[in-house]
């Protein structure tokens, strides 16, 4: 973790959860895994304050816990998950684009609460939608449940794993804390969905009570009896759900690949790639470099009805995509041409370092495409004067965007008999770009906080 990342995590935790949670979260980010007593001693906070703050962090999947061999529980901050708070608006907008207003509110409520049961989530969203409707109209629970099931079927939301440390966590939850201990952060134990867990709820959304009704002083049990609500726990009690952020990232990456192919080739090529990605978006892991192998016959049958292209034309498009030299744009690689099997490259596209100007970006894209080039070749291909090309290569080399590789002709490594090839340092470039982004966001948040205090 760089200082810029730690600073940004601290600002995000303070803005969303307050000073106490921020202090504990930042302490865990700096020190790594720590037991409960050590966190209390290191932060100078009371044990009860530490417990409640850890409850909040675990509820929002920002801290994981693990039982050590010596018998104590160790808590560890999930730094990457904290940084993903910045992308919450994008996740919500994506859910709205794919599943409408109901999908938007389902994703928003889950992100705001961290983990929720299906019944509580459906009721809350139905009530919110009812508030926006005309008088006399209500949102049916069944409609919200169906959208929830669609989100679960496409893995945009997933079940939380069951808490694996009930004994150790029993001391963490205090009597004044509402809710049950959620499961530890991580991948779900079972992503398969059972019909008994996702059965549609019956009922309709309710509007908020007026001030007169809330101040009537009527006992809660009497209100439930009058409104027909049951005091029994729902059938899904203890089954919690959370947003699958990796699935959203997979969706964003697929959309970037489709857009890149459309810009480089044509709309038909991008639709073919879209079809391949859609066919394997659920069956392929979000971190897999390739989709599952697909035959050209399967792709042909899965194409949208509006694209009236023949099988022979499809094979020609697949061959063109496979021969495309710009691999990082998400082109296709032939897995077994004889059997007609293809697989799509799910490449993490690398942006050009435009922070140094358009000409540096041109050199960067050229190195990405050609892999290795000498300085003279960079000058010729990029059509940039020798002095400027040399300065730009040195700038990117000093910032670790590109690296220099020596290839000697003789064992003595004499400079006059040695090739010097420039190549893109992909991992270092990604880290540098992320570092600059984190630093910029942290500065903007600090500036906003300063202006808010000044304006008060």
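In case you wondered, yes, glycine gets a Cβ from its N, Cα and C as well.
According to TrEMBL, the features are:
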type     : residues : note
COMPBIAS : 217-229  : compositional bias 'Basic and acidic residues'
DOMAIN   : 7-65     : domain 'RNA polymerase III subunit RPC82-related helix-turn-helix'
DOMAIN   : 205-331  : domain 'RNA polymerase III Rpc82 C -terminal'
DOMAIN   : 356-424  : domain 'DNA-directed RNA polymerase III subunit RPC3 winged-helix'
REGION   : 180-240  : region 'Disordered'
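DSSP places the residues of the domain 'RNA polymerase III subunit RPC82-related helix-turn-helix' (7-65) in helix, strand and coil in these numbers: 45 helix, 5 strand, 9 coil. Taken as a whole, the domain 'RNA polymerase III Rpc82 C -terminal' (205-331) shows an average pLDDT of 75 in this prediction. Across the domain 'DNA-directed RNA polymerase III subunit RPC3 winged-helix' (356-424), DSSP assigns 38 helix, 15 strand, 16 coil.
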